[in-house]
Amino acid sequence: MKEQLWSILSAVRQNSPLVHNITNYVVMNNTANALLAAGASPVMAHAHSEVSDMVSIAGALVVNIGTLDEYWVESMKLAVKQANALQKAWVLDPVGAGATSYRNNVLEELLSYRPTVIRGNASEIMALAKFSSNTKGVDSTSLSEEALEAAQQLSETTSAVVCVSGATDYIVNKSNYNALSNGHVLMSRITGMGCTASALVGACCAVSADNAFAATTAAMALMGIAGDIAAEKAPGPGTMQVQFLDALYQLSEYDFRERLKLETNP
Amino acid sequence: MKEQLWSILSAVRQNSPLVHNITNYVVMNNTANALLAAGASPVMAHAHSEVSDMVSIAGALVVNIGTLDEYWVESMKLAVKQANALQKAWVLDPVGAGATSYRNNVLEELLSYRPTVIRGNASEIMALAKFSSNTKGVDSTSLSEEALEAAQQLSETTSAVVCVSGATDYIVNKSNYNALSNGHVLMSRITGMGCTASALVGACCAVSADNAFAATTAAMALMGIAGDIAAEKAPGPGTMQVQFLDALYQLSEYDFRERLKLETNP
Amino acid sequence: MKEQLWSILSAVRQNSPLVHNITNYVVMNNTANALLAAGASPVMAHAHSEVSDMVSIAGALVVNIGTLDEYWVESMKLAVKQANALQKAWVLDPVGAGATSYRNNVLEELLSYRPTVIRGNASEIMALAKFSSNTKGVDSTSLSEEALEAAQQLSETTSAVVCVSGATDYIVNKSNYNALSNGHVLMSRITGMGCTASALVGACCAVSADNAFAATTAAMALMGIAGDIAAEKAPGPGTMQVQFLDALYQLSEYDFRERLKLETNP
């Protein structure tokens, strides 16, 4: 598995896939910089007049609803339709799921276009699971377990790979799941770290179209390990951002293997 | 007073209030990062379809007109109406007041919704004072004094707490005002420092709803002291941004008390 | 020439020209910070209701189509018309030229408003040259030469100063051109470096209205030299961004002269 994950990250560096992001205003800069640091090529485009054309030349699409509005939601729909028509991977980042009924309605509609991967935090994934399935009720003993169960339900209903990120990241694919325990708490004090993760998932999917489960795991491992390395040099969230980009850029295969904390299930 | 100010900043860290920002494209990332570093939770949302719902779950609202347009102005009006309906504090940052008649017209309309706090630089506050009252003419001997008089007039006309930031920050509440002389000139070479200040005012108002005057003073003191600390390590504006976020995150009660340069009047 | 270039950069610091940017969401923050670090004053405004008024008070206009849409294209047209009416310099950054037919159509229309300067990378300039003239066919032996020829054709057709940036930056004005070989490969791993270059061209044009060729050369020299200095301290793209802003701010005349790698032709 370690072998496979590193070879995906390595392919991103070598092939420099074009990743089309329809994302929020807050994080566009971070997202673009993280993709560049990891070796990918970012493009941001949302005009109704060109969004389908841009999907056509991209390796993968990332849709993030953070600062959605009516125009942008239409852009997202045009883009995911085209991604589906061309059988390209697309990643959904359901920022703020559950916060307003508008967000929930938009997400319900986007889910109907069958994302390849869904990545969110625990509360977002739990919100999505709630309205995408008749939740069976959960037997979890902790928030983390509850989120994992929600991710499993959501994966079942949607056939998407579902990633719920947090202190432990779970990557769920029907009956299997991976758990990653890299990363640092300081990452939660920087805006857009989740959005960056979703963008890197897009980059990995672009070079590993047949295996979104491995691609998502590779991207989340890269996030966590770069976070670990950065945190060693960062007394606060300002330095952390800078060191994180450096770590994405510099990460060696040796460090990746040594630091990876991956548990595969079953 | 020192006691009270620190206890407000401490409440932000403990309660992590949700601050809803309708702000400009240039600074959204800085604003979100500064709120996170100070312990608050940022949310950015502007869709007409959800903006009122987002105000409902937020602790305070910050409206910043930096890159306004017709759609966003409507978002702002929907949001401030809801804030007023729910008696939540809202902060107005009148970026570029006086630069175009469109800005002035929008600001005049926003003022009619009675912001809790208005924060701007000297030229913005003077522009607002001019069209919100029959300016009495000023007897000031310096730009700084002139700005203070404008802030006092504006506070009288609007009943808002008015903060005019600069080398000395004035926080005006009817007959009282506080003057803060923390901060460093390098802050003026970083975009969005004023916008960050307004966002932190929002965070402080969210945990100190009954005392917007103290909340605004606390936020401005945090800005200035974090700026002082950062400047000690920063040879230029790039490093300054990074160190500023670290300083917001790390600031201790001891450093806050030792460094605070506050003058209360009367 | 060195003398002249430094005096333009020095005038930016002394006069602090207001540079109006209609640019993309990804880079607005970088652009504003780079302008501030170099001594200029940035303003971002796009509302149809004010965009002409903002051009009127600015020293130069920069139009960047990175995240264009129908509303923003209209803003750009209103702004460039006003720039032309007032004989102010305007800079076109044709981000993603050639990627979609929408971009090409918009660029064709913007070219008809005769930009003072066009700055792009090799593929963008070659795309523009293709649809703005009957390309004569090129005899170039390398991508870099091909780009130079495209820039010369484009300059001839449009009467604009054309800058094609890359490992070597070419600044073309009809029969003359300058070549700059400052800069570092790490700059290509940071989003918005090209956009920053265009904004700095705007700042230099604002203080050197009668000589856009020298102004463009000065701005590109500043970019490259600040990049050289930053790269000496930067192990990765995160640190690079920070050091780059510090270098823009701190650059001395001595360092500028010592480091400049300029070739004038003929």
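In case you wondered, yes, glycine gets a Cβ from its N, Cα and C as well.
Where the annotation comes from TrEMBL, it is an automatic prediction and has not been curated.
What TrEMBL records for A:M44, A:G192 is substrate binding site. The ATP binding site annotation in TrEMBL covers A:R119, A:S165.
In sequence order, A:V26, A:V27, A:N30, A:T31 make up the list of same-chain residues 6 or more apart from A:G192 (substrate binding site) whose Cβ falls under 8 Å from its Cβ. Here the CA atom of A:M44 (substrate binding site) lies 24 Å from the CA atom of A:S165 (ATP binding site). Between the CA atoms of A:M44 (substrate binding site) and A:R119 (ATP binding site) there is a gap of 19 Å.
According to DSSP, A:R119 (ATP binding site) sits within a strand segment. Filtering the binding-site residues A:M44, A:R119, A:S165, A:G192 for a Cβ under 8 angstroms from any Cβ of chain C leaves A:M44, in order along the sequence. A simple way to gauge crowding: the CB of A:M44 (substrate binding site) has 24 other CB atoms within 10 angstroms, across all the protein chains here. Applying an 8 A CB threshold to same-chain residues 6+ apart, the list for A:R119 (ATP binding site) reads A:V91, A:L92, A:D93, A:V162, A:C163, A:V164, A:S165, A:G194, A:A197, A:S198, A:V201, A:T216.
All protein chains included, A:S165 (ATP binding site) registers 25 other Cβ atoms within 10 Å of its own Cβ.
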